[in-house]
Amino acid sequence: MSAYIIETLIKILILVAVFSALGGFATYIERKVLAYFQRRLGPSYVGPFGLLQVAADGIKLFTKEDIIPQGANKLIFTLAPIIAMVSAFVSMAPIPFFPNFTLFGYEIKPIISDINIGFLFFLAVGAAGIYAPILAGLASNNKYSLIGSARATIQLLSFEVVSTLTILAPLMVVGSLSLVEINNYQSGGFLDWLVFKQPLAFILFLIASYAELNRTPFDLLEHEAEIVAGYCTEYSGLKWGMFFLAEYAHLFAFSFVISIVFFGGFNAWGFIPGGIAILIKVSFFVFLSMWVRATYPHVRPDQLMNMCWKIMLPLALLNIVLTGVIILI
């Protein structure tokens, strides 16, 4: 087995382990953030400051009975959470997480694969995760799960169109789909960040990412007040945990991509080294998603579709046209 294959396998194992741990810890942080906004304490009993709540929840999920409802399609019911996990982690393959560094005289590139269509790969593989809620709802033999899967089809496919069109304008400026090249394009300094050249694209992509991540206010797939837990209604134990671990892993992936594409990535930020700079940016966008969840109300399906097709899609197309005109001029 070649050194390249061994290195890649080690990177994959580290990526899965790190983001699985981060996903679990993010649940604790989110509960604390929501508690602060709602003037509650949040997790505070298990361990100091409730830090061991994540471990307690993990033990609970691993030891709960795995129930498959009567009349459900067992194969598809089991495959759905696996698809969610696989799509979330595979989509991270073209993301350069940190600058290259040297370890024991060997240069380490913190990226699985620097493919020249990295941004497109990220969106395409992430979009494949749409099948997870759809199949989960169809296989559960539950009306609430079925409604959740129908909403997943409408919501995720609609916003996938918007997010794909939105990235075209920044890519026209950079001239590459590689996330490494996009990062290098902004290496000149603070004013080279694409958020200043493409502010509309950033806003549209941020909103579309919340919709694709099924984050509030776009949590139509599993809104408790309407459809219990949506496509997850019949899931329990480890399978239920896999869905939410995939959601948080995807949240971190989108935060990295937004930081790389619009905010200079892992380039040095003044006196702040690149590795620390991207951690600050990613942490901000993860916190922002939690802040939005605590602040904005849930939207209705018709409001969501109107915003997507009548507002965001025309704005994305207009931004492409304006960017093309400016480049030609």
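Cβ atoms here come from the backbone N, Cα and C positions, even for glycine.
These come from Swiss-Prot:
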| type | residues | note |
| --- | --- | --- |
| TRANSMEM | 9-29 | transmembrane segment |
| TRANSMEM | 42-62 | transmembrane segment |
| TRANSMEM | 75-95 | transmembrane segment |
| TRANSMEM | 117-137 | transmembrane segment |
| TRANSMEM | 154-174 | transmembrane segment |
| TRANSMEM | 188-208 | transmembrane segment |
| TRANSMEM | 238-258 | transmembrane segment |
| TRANSMEM | 269-291 | transmembrane segment |
| TRANSMEM | 309-329 | transmembrane segment |
Stretch with greatest number of CB pairs under 8 Å, the transmembrane segment (117-137) reference, 42-62, 75-95, 154-174, 238-258, 309-329 candidates:
75-95
Comparing 9-29, 75-95, 154-174, 238-258, 309-329 for Cβ pairs under 8 Å with the transmembrane segment (188-208), the winner is 154-174
Excluding the flanking five residues on each side, which residues at least 6 beyond the ends of the transmembrane segment (42-62) place their CB within less than 8 Å of a CB in that stretch?
24-25, 27-28, 31-32, 34-36, 237-238, 240-241
Give me the stretch from 9-29, 75-95, 154-174 with the greatest number of Cβ pairs under 8 Å to the transmembrane segment (238-258).
75-95
